[in-house]
Amino acid sequence: MSSSRSGLTRVLVAVATALVSSSTPCPQAWGPPGVQYGQPGRPVMLCCPGVNAGTPVSWFRDGDSRLLQGPDSGLGHRLVLAQVDSRDEGTYVCRTLDGVFGGMVTLKLGSPPARPEVSCQAVDYENFSCTWSPGRVSGLPTRYLTSYRKKTLPGAESQRESPSTGPWPCPQDPLEASRCVVHGAEFWSEYRINVTEVNPLGASTCLLDVRLQRILRPDPPQGLRVESVPGYPRRLHASWTYPASWRRQPHFLLKFRLQYRPAQHPAWSTVEPIGLEELITDAVAGLPHAVRVSARDFLDAGTWSAWSPEAWGTPSTGPLRDEVPDGSRGHEQKLEAAAQEDSPAPPSPSLQPDPRPLDHRDPLEQVAVLASLGIFSFLGLAVGALALGLWLRLRRSGKDGPQKPGFLAPMIPGDKLPGIPNLQRTPENFS
């Protein structure tokens with residue numbers, strides 16, 4: 001009894017749903033033919049594919065003779081299922097009033113798309129690529145629509161729909177799923193990426209604004225080689241090349257960082273070399289060393305690249321540098337010779353006395369002598385002029401005023417001086 005009531009309730013709900021959606025057309029084919037899609041917990045409408053619209057049909061589950069919906073339901077060629085769940089997935093068969101086979105429909109359940117997760121990266125200064133992943137697994141066939149446009153400055157409304165700003169399609173990589181590539185981008189411009197996920201139950205869009213100089217991440221350097229330096233048991237020479245994806249231009253260069261460590265040592269030593277090679281001078285003698293290198297834009301745009309594959313090298317175990325014959329000098333001698341050709345080094349000082357006599361005709365020595373004579377002459381003239389000025393001043397002051405007593409005059413009374421009479425007034429002098 002309860003089962004019959006539940007069945008009746010199910011039919012009534014289906015009829016009500018059908019009446020509400022009677023004007024809704026059948027879902028368009030999406031994916032393989034004869035397959036329709038629905039969402040758990042929602043009503044689903046199936047259409048008989050082999051009859052005209054409105055033709056009454058009977059519906060059965062494939063392999064089951066029990067009638068699901070008769071031709072007198074008033075729904076014509078459509079079957080409505082209310083609040084479907086995983087038990088409703090499968091194949092349904094429709095037949096006309098005279099029992100002619102009308103077709104088969106397979107129902108698959110899933111979820112509508114969620115907002116996809118998008119990230120972009122540039123491996124050079126002209127092109128960038130974007131990859132994405134679904135926000136959730138829908139269980140349904142999915143397509144992605146990708147496009148981009150160049151963003152305009154605030155207030156430039158006249159250029160917002162200009163052909164020079166897009167939108168343009170972002171071509172999807174046929175060899176790599178969920179990836180599209182933008183070619184010929186402007187390094188200092190900002191772009192808006194549109195990735196829309198579409199499945200039979202709907203669509204969801206993600207918009208991402210990117211700047212090329214922010215998402216720049218070069219590929220790792222290539223061709224890393226590590227070589228020993230003959231005669232130097234603590235040296236290694238490492239060299240590498242630019243990544244093939246980076247077009248070398250004078251104003252778009254890369255800088256590098258290099259890490260190395262001896263075998264069985266977990267800690268890395270890091271240096272930032274200048275150019276495409278580095279001479280390691282503190283290697284551990286006799287141990288193999290792992291070396292790796294990464295790259296970044298010379299002006300620090302973006303981020304460092306991933307590390308290159310490790311290369312291994314062991315320092316030289318031969319005789320020391322001073323014991324190496326001239327004919328067997330290694331790579332370091334070539335580097336030193338090339339450096340001397342480009343910029344010859346000054347000769348090293350000698351400890352032996354020079355037997356050659358001094359050449360006083362040296363222009364530098366003559367200039368030094370003349371400078372010394374000039375300084376002494378100036379000082380002599382200055383002292384002479386000062387002495388002459390003092391003498392003239394004293395002479396002029398002696399002619400203009402009365403003569404002053406001598407140096408000893410204040411010390412000896414005048415009447416005691418020999419040959420000078422006593423001029424003091426006494427009564428004898430006036431008598």
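Cβ atoms are placed via backbone N, Cα and C, with glycine included.
Between Cys48 and the candidates Cys94, Cys120, Swiss-Prot records a disulfide bond only with Cys94.
Of the listed cysteines Cys120, Cys170, Swiss-Prot assigns the disulfide bond with Cys130 to Cys120. Checking the candidates Cys180, Cys206 against Swiss-Prot, the cysteine paired with Cys170 through a disulfide bond is Cys180. If you compare Cα positions, Cys130 (disulfide bond) sits closest to Cys180 out of the disulfide-bonded residues Cys48, Cys94, Cys180.
Just so you know, the Cβ of Cys170 (disulfide bond) picks up 23 other Cβ atoms within 10 Å once every protein chain is counted.
This prediction places the mean pLDDT of the topological domain 'Extracellular' (24-371) at 83. Cα of Cys48 (disulfide bond) to Cα of Cys170 (disulfide bond): a span of 39 Å.
Of all Cβ atoms in the shown protein chains, 27 besides its own fall within 10 Å of the Cβ of Cys94 (disulfide bond).
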